[in-house]
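Asker: From TrEMBL, here are the annotated features:
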TRANSMEM  6-26  transmembrane segment
TRANSMEM  38-57  transmembrane segment
TRANSMEM  77-105  transmembrane segment
TRANSMEM  117-135  transmembrane segment
DOMAIN    136-420  domain 'NADH:quinone oxidoreductase/Mrp antiporter transmembrane'
TRANSMEM  141-159  transmembrane segment
TRANSMEM  171-192  transmembrane segment
TRANSMEM  242-263  transmembrane segment
TRANSMEM  306-327  transmembrane segment
TRANSMEM  333-354  transmembrane segment
TRANSMEM  366-391  transmembrane segment
TRANSMEM  411-434  transmembrane segment
TRANSMEM  455-474  transmembrane segment
């Protein structure tokens, strides 16, 4: 590899977490403060390199940029190829940003096995960056599954309650079993085409029956990750047992891997199957929106409320993706980015309450606006962002998804709109129960508003949600030509 390739910002973004891992590995575990500083500095440098990706990104082409190929097994046409386009750019930025927040939010809350905890997050960041930048089916599958290992450890070891082992195994087995079918399809494609290179496979025309079979195999994996109903059972349990940082990375990034998989692989490689299965996806999406919204209203665990609302929002995302038009796909990408920010912020707010009062049961909270006014203001803003209030990022994403769906089916749009009404109902209900009413002094004696560290964690998320909601063109312009190139492959 030449020196010029080392200066490629995508290579630098990919290798920085590995460099931090090596330094952290040789740092004594007893020096916890030093371990935290190494992890924080590593994630900050990775984020800066990812910003360079955005600054140097050419938004006027749909081609993959910053591409680099490494010879792995050239004798059997297996290479390690990296590259990004307007679809994957912001997922990398979201990954590098939220990893910083995960390190900061667990700065004082994680007291055991600190070095191992930080290694898991740096490893997770490396795997996720590869998932969103690798241009090879085999390597995508390897990193797609590798994400399970550090996440399994984070939930199982540093989880907050007694059921954490069960939740970790449930998360691991659900997603692993769903991906086995994708592995079989991947091997079949390799023996038919002779390569797993995404750009090369894109020129190969599969028969309609093979497209249907391959699409179903990939769908089994991506639908579990999003997750779509009825493959969502693992999500509320994993969220409820994970530490705050685990919930942030799970809701903010891991749920987006399924949607990204549909955009990167299912649509360009199996276009006829995508059109064939569109009614099925729409049906499952509407069921997810309505079922998850109604289920949210009857939850008593604060984390499960946000987890079920995530299932509902992902229903909008799949509607946008399979509307297979410009508005719908751009709206789904924007909604995934928005959900990554908003749901992460809500989980951070729940984590703030749990760190202070050691419970997530809703009935113990009431009237917190009287004693935690700054927290209440942040929580109000993120609640309105979650319900898609105009001026926030979710509104733009949901509006574009509904515009895309309206071009296909007005009945579909009507039922999706009911989901927006239910979303407003559970969001306002949750905020009202926590912030207003009589203060429950019989349960809690001491009250403390957010700290300076928590304030500076929540502030950039607030800024980004407003930026995306008020000036979305700065995001849409970067992905526009990539989405157009994706749609052209359907014609």
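Placed from the backbone N, Cα and C atoms, the Cβ positions cover glycine too.
Caution: TrEMBL annotation is automatic and unverified by curators.
Values in this document were obtained by computation on a predicted structure and should not be read as measured data.
Situate these features within the shown structure.
Answerer: A Cβ distance under 8 Å defines the sequence-distant neighbours of the transmembrane segment (38-57), meaning residues of its chain 6+ beyond its ends; these are 9-10, 12-13, 16-17, 19-20, 23-24, 27, 65-66, 84, 86, 89, 92-93, 95-97, 99-100, 103-104, 118, 121-122, 125, 129, 478.
Listed by sequence, the residues of this chain that lie at least six past the ends of the transmembrane segment (77-105) yet keep a Cβ under 8 A from its Cβ atoms are 10-11, 13-14, 36, 39-40, 43-44, 46-47, 49-51, 53-54, 57, 59, 62-71, 118, 121-122, 124-125, 128-130, 132-136, 138-139, 194-199, 244-245, 248-249, 252-253, 256, 260, 263-264, 333, 336-337, 340-341, 344, 348, 351, 453-454, 457, 460-461, 475, 478-483, 485-486.
Sequence-remote contacts of a segment are chain residues at least 6 beyond its ends whose Cβ falls under 8 Å from one of its Cβ atoms, and for the transmembrane segment (141-159) they are 110, 112-113, 116-117, 120-121, 123-124, 127-128, 130-131, 134, 165, 167-169, 171-172, 175-176, 179, 182-183, 186, 221, 238, 241-243, 245-246, 249-250, 254, 257, 261.
Same-chain residues lying 6+ beyond the ends of the transmembrane segment (171-192) with a Cβ under 8 Å from its Cβ atoms: 137-138, 141, 144-145, 148, 151-152, 155, 201, 204, 206, 213-214, 216-218, 220-221, 223-225, 231, 233-234, 237-238.
If you look at the transmembrane segment (242-263), the same-chain residues 6 or more away from its ends with a CB under 8 A from one of its CBs are 87-88, 91, 94-95, 98-99, 101-103, 105-106, 109-110, 121, 124, 128, 131-132, 144, 147, 151, 154-155, 158-160, 164, 167, 218, 221-228, 235, 303, 306-307, 310, 314, 317-318, 321-322, 329, 332-333, 336, 339-341, 343-344, 347-348, 350-351, 354-355, 486.
Same-chain residues lying 6 or more positions outside the transmembrane segment (366-391) and placing a CB less than 8 Å from one of its CB atoms are 309, 338, 341-343, 345-346, 349, 352-353, 397-398, 420, 423-424, 427-428, 430-431, 433-440, 447-450, 455, 458, 461-462, 465-466, 469-470.
For the transmembrane segment (455-474), the residues of the chain that approach it from at least six positions outside its boundaries are 97, 101, 104-105, 334, 337-338, 341-342, 344-345, 348-349, 374, 378, 381-382, 385, 390-396, judged by C-beta separation under 8 angstroms.
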Asker: Considering only Cβ pairs within less than 8 angstroms, which of the stretches 117-135, 306-327, 333-354, 411-434 has the most against the transmembrane segment (6-26)?
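Answerer: Out of the listed stretches, 117-135 contacts the transmembrane segment (6-26) most.
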Asker: Are there residues at least six beyond either end of the transmembrane segment (117-135) with Cβ under 8 Å to its Cβ atoms? List them, or say none.
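Answerer: Counting only partners 6 or more residues beyond its ends, the transmembrane segment (117-135) has Cβ contacts under 8 Å with 10, 13-14, 17-18, 20-21, 24-25, 35-36, 38-39, 42-43, 46, 64, 67, 80-84, 88, 91-92, 95-96, 99, 102-103, 106, 110, 143-144, 146-147, 149-151, 153-154, 157-158, 197-199, 245, 249, 253-254, 257, 260.
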